[in-house]
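Among the features that TrEMBL reports, transmembrane segment is placed at 58-79, 152-170, 202-219, 240-259, 279-302, 314-333. If you look up TrEMBL, you'll see 101-121, 583-613 marked as region 'Disordered'. Here TrEMBL flags 101-112, 597-609 as compositional bias 'Low complexity'. The domain 'FAD-binding FR-type' annotation in TrEMBL covers 367-496. As annotated by TrEMBL, compositional bias 'Basic and acidic residues' applies to 583-593.
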């Protein structure tokens, strides 16, 4: 038990308890000990009964809150591992039919027959998912408030906010007590009400949300491991959980300011005595830090004043100081704050371990153990208007990652204090020596990437003849090297759940091509469909739509496009390129006509009859119409749309994919109306 003098010094001004006359102290988890029996006036004793009773119930409610979250995650984690991505019976029959198709004795009609109907439970699951996508995938109409997020994210936020609202109000007796004040006339009295228990309740819930906020922001995401949802998809909820904590903190503060500055008498003595206490001052400091974090996270401040890197570093520091201030304000609730600190520390520690596993070891060519960066070959295409484009290629001995995962790259020649996420355009396959090729393409606009592009251009210019420096750095035909430190991989694989009979449409804008290229490379390197299936029109459909500013931009991923041309014909792959910059059109046409530049290969493809030729068109495409055209033209099987590009493109794709879904028709066995969007969905605003 706590000693009565210590408790009196800490809590007497707030809790009106006479600790010097206490027979014993009754402990309450997360709150101050209570003097029993109560020796105050009846009204004050009844008020204290409600304060402690409401707090105890509130602690139970926070336990229910976390048990609910844990239960949902457990069900999700178990369910995604028990439910197969494709009906096992259908998969076996489809594979058996595929084995028969090459035989010349197999009738074409039977070989091209529609796939067997999935089981009722499987169709119910697919139909339900299709219906939900139709209604919840589109971007929320309240973009001014929520940004470019989906209706599903807003619905989850609404459920969370509603759940917290219920726990904020239940279990509290709403009443008012007028209690006498010692040595004061009868007309001077304290007004005690349920405002105190309510303010305490929302404060406790704000503490309880703190570890959830940290969990939602973790790159080494436990939520990603359990749910299979990329950690980037939780950033919207992280931001809005912070807003909920801010609202709860403001309500908590306003409640106690009203109590101590208005309802309690005499004034200003009560207020001056209350605000002078350490726990009150720490509370004011915590609220000020929370408001500051909110202001620094707003779009206007990040885009126009600080930049993302400055915001991120300031956010880390302010968040840790904020948690420290919360401990100073009410140390009895450390049970919620310590887990937040532990989660944050584990996240940072795991990042260091990842980097060490990739870069620390024995290097035979140097004859030493130690840490070493990887040398990457770099090429640069200059574009002063929209930002230079850089391609990095490197080989590193490591375990192959999953298609769709990304790495954080640090450039020591620029700064060791920054790293940026990039998705490899290469297919993760190890060679005989265990080396895996990394290929990255990114546009350098501002900050660290712009600094690196300028540095690489200087190195290229220094290594090229003076009269050729401008041309070589512009076309990306010469290379230089730069050290790179890798951290990853992060995110989830995007092809592991791809049904075997799925039709695949890949849509990319600019450097977003790196996200979708590995998907197509993985598919075209697989076994080609039997000729009988193609003859019957039952072949899996594959298509790439790439929107670029200039035709010369195809050079960024020329090796990968060459492989798609060579292998894609056997898979029925169609490649469509849209060039949006009219200003460059005439400049690109001349080398194309002469046939002596990369543009010629881009427009006509290779000369072999079995190669794929790109369809190159001028202008900005209607990506929604392209999705509807593709989904409406498949013979059967579900459709998966992989996409990465500007925010406007992703918003349009969401609307189109949602409109192509029809749960009722999926239930009837028409799988082509099961359309899913898998995208690089990192839209902050």
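Glycine too: its Cβ is placed from the backbone N, Cα and C atoms.
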Near the transmembrane segment (152-170), which same-chain residues lie under 8 Å Cβ to Cβ, leaving out any that are not at least 6 residues past its ends?
58, 61-62, 64-65, 68, 132, 136-137, 140, 142, 146, 198, 201-202, 205, 209, 233, 236-237, 240-241, 244, 248
Same-chain residues near the transmembrane segment (314-333), Cβ under 8 Å, at least 6 residues beyond its ends:
29-32, 203-204, 207, 210, 214, 278-279, 282-283, 285-286, 289-290, 292-293, 296-297, 306, 340-341, 344
Within the domain 'FAD-binding FR-type' (367-496), what mean pLDDT does the predicted structure show?
87
Six or more residues beyond either end and a Cβ under 8 Å away: which residues meet both conditions relative to the transmembrane segment (58-79)?
29-30, 163-164, 167, 170-171, 200-201, 204-205, 208, 212, 223, 226-227, 336
